[in-house]
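Okay, structure first, notes after.
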Amino acid sequence: MNLVLTAAEMAATDKRTESDYGIPLPSLMENAGAAVARFCLLHYPAATHVTVLCGKGNNGGDGLVAARHLALAGRIVSVLLLAAEESLNGPATEVLRQLRECNSSHAVRIAFTPEEESLLEEAPALEGADLILDAIVGTGFKAPLRGIATILRDRLQDMTTPIVAVDLPSGWDADSTEQTFEGAFRADAVVTFTAPKLAHVFGHLASTQTSSFGPVVVTEIGSPEEAVQSAANLTWAGAAKSIAEAPRDVNANKGKYGHILLVGGSYGTFGAPSMSSLAALRTGAGLVTAAVPKTIMNQVGLITPELMVRALEEESGAASLGNLEPKLLEALMKGISVLAIGPGLSTQGEASQFARDLIAGTTVPTVIDADALNAFAGKTDLIKQAAAGGKRILVLTPHPGEMARLAGLTVKQVEADRISLARRFATEHHITLVLKGWRTLIAHPDGRIAVNTTGNPSMAKGGSGDILTGIVAAMLAQYPNHVAEAVEAAVLLHGLAGDFAARDMDEHTVLATDTVAHLTTAFRYRVKDKQAFTWLAGLQQER
Ligand SMILES: NC(=O)C1=CN([C@@H]2O[C@H](COP(=O)(O)OP(=O)(O)OC[C@H]3O[C@@H](n4cnc5c(N)ncnc54)[C@H](O)[C@@H]3O)[C@@H](O)[C@H]2O)[C@@H](O)CC1
Ligand SMILES: [K+]
């Protein structure tokens, strides 16, 4: 299960873990601190001097446990407690005692720095650190950041020492769906526990290292899966990738992996259907046919010889209603298992009517994108009709502008509450909605909703959406009985491929087709790595 929790739900989960399963808080704290230390040893093996910044709550307690494990592993550890000793809460006091015990045989220095003066005296602990742990405040944070923590935050802002945040970068509101957190600590990686909070999936790390790929890892600390509950039932798209990790049948033939008909293109717009088709082929579809207006057929065919092309009758440079004449329609749809429609289709001439009627006149699973979405602007009752109460699989992939047109809203209204809007639209129309943007949402017809955590600004370019359409269609073609996982995996893979492209190239230079070229790496990347850390962001930062 991949639930995303609020801070209150996390606290309830911890309580349930204690009351229903007999696992007490100190044991969770021990596991949390140990997990943070393991992460540091694994990913920062050369960091000999580690400075741990602790608050007086349980987040600070996690930091003190991590400090003990790091010291036991031979690191030279400095602990700065941003509070007077007597103000520490119960669990933190107990783990401080344990830390002191190990201090006799290992290199641990503990300093109390409740005010600016004492903090300044500890400047060497900050300046000499190879790695800093931020355990000042976690889910107990109430904005804005106050007191001595703000001085420390400003100091660290100007330094380049890597920072690992314990649970949350101090100053992040766990329940926020905002992208950035004004006034929070910088962090290069986050280690959180049991389940990500909303801030982990929607927030963006502020790092002095390369910005986009700072990982958030989720570690198990002993709460049974049944103890983790959430009213909103929001998940993150990571688990879905497992379907794409399974090997293909040894005795498979191309028929097993579907035949996609990609309908789109218009005079002057041959790139969009070409890119969708290429992405569909690269994602593993058995066969792909692009059906495009006659005049651009030869250009589309050039994208790759594996692609089959079919001419559509046209009017004003775009597909015409003539294509729906029964014999032509029958020939067009023969053997097709997935329809993908929209990229480059245009809204010229009869194109919109053609898209609506083609979707209404067929029954195969269909991906609706771009101008085929625009064809339903203000006419979403026709989408609902086509979905036939969910008997027909329809996947819509709008960006916020297309979503706004579809739903008769402004882009601002769409952005205001994406989760509720996506969920409502999907359930009301019995369709799967992929609402693109920063942290693309995948809303399923049964009310479940997932957030994708891969992707980066290099993908904010023409062609990205066309490629996603091809990937979604190909996953549907290969996994027709696992629609929800197929769509979530498609979105995740698309973002991952973009993340790898940006890592190998540069956010400026990546083209949409470079994302296709990085699909291999995306397929091979294991979301659950060998060290039992589950990565939420696509990539670990390369150092
Ligand atoms: N509840 C549980 O069972 C577990 C909790 N764990 C840890 O406990 C944390 C939550 O612990 P708590 O509820 O004690 O809360 P925190 O430790 O997150 O926060 C409380 C501390 O932060 C300070 N603080 C709050 N708002 C502040 C602000 N605006 N500016 C400066 N300082 C501020 C408070 O004075 C207090 O010292 C989690 O983030 C996690 O790290 C883990 O130990 C695992 C188990
Ligand atoms: K923290």
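Numbering starts at 1 and runs along the chain as displayed.
Placement of Cβ uses the backbone N, Cα and C atoms for every residue, glycine included.
Features as listed in TrEMBL:
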type: DOMAIN; residues: 10-229; note: domain 'YjeF N-terminal'
type: BINDING; residues: 58-62, 138-144, Asp167, Ala272, Gly344, His399, Asp466; note: (6S)-NADPHX binding site
type: BINDING; residues: Asn59, Asp134, Ser170; note: K(+) binding site
type: DOMAIN; residues: 237-526; note: domain 'YjeF C-terminal'
type: BINDING; residues: Lys436, Gly437, Trp438, Arg439, Thr440, Gly465; note: AMP binding site
Cβ contacts of Gly465 (AMP binding site) (under 8 Å, same chain, 6 or more positions away): Pro343, Asp369, Ala370, Thr397, His399, Lys436
Packing count at Trp438 (AMP binding site) (other Cβ atoms within 10 Å of its Cβ): 14
Integer Å distance between the CA atoms belonging to Asp167 ((6S)-NADPHX binding site) and Asp134 (K(+) binding site): 9
Nonlocal neighbours by CB distance (under 8 Å) for Gly61 ((6S)-NADPHX binding site), same chain, sequence gap 6 or more: Met29, Gly33, Cys54, Asn89, Pro91, Ala92, Val95, Ala135
Length of the line joining the Cα atoms of Asp167 ((6S)-NADPHX binding site) and Trp438 (AMP binding site), in Å: 22
Pairwise Cα distance for Thr139 ((6S)-NADPHX binding site)/Asn59 (K(+) binding site) [Å, integer]: 8
The domain 'YjeF C-terminal' (237-526) [mean pLDDT, rounded to integer]: 96
DSSP state at Asn58 ((6S)-NADPHX binding site), helix/strand/coil: helix
Max CA-CA distance, Å, over listed AMP-binding residues Lys436, Gly437, Trp438, Arg439, Thr440, Gly465: 14
Cβ-based isolation winner (fewest other Cβ atoms within 10 Å) among the binding-site residues Lys142, His399, Arg439: Lys142
Sequence-ordered binding-site residues from Asn58, Asn59, Asp134, Lys142, Ser170, His399 with Cβ under 6 Å of an atom of ligand 1: Asn58, Asn59, Lys142
Whole-number Å value for how far Asn58 ((6S)-NADPHX binding site) lies from Trp438 (AMP binding site) (Cα to Cα): 32
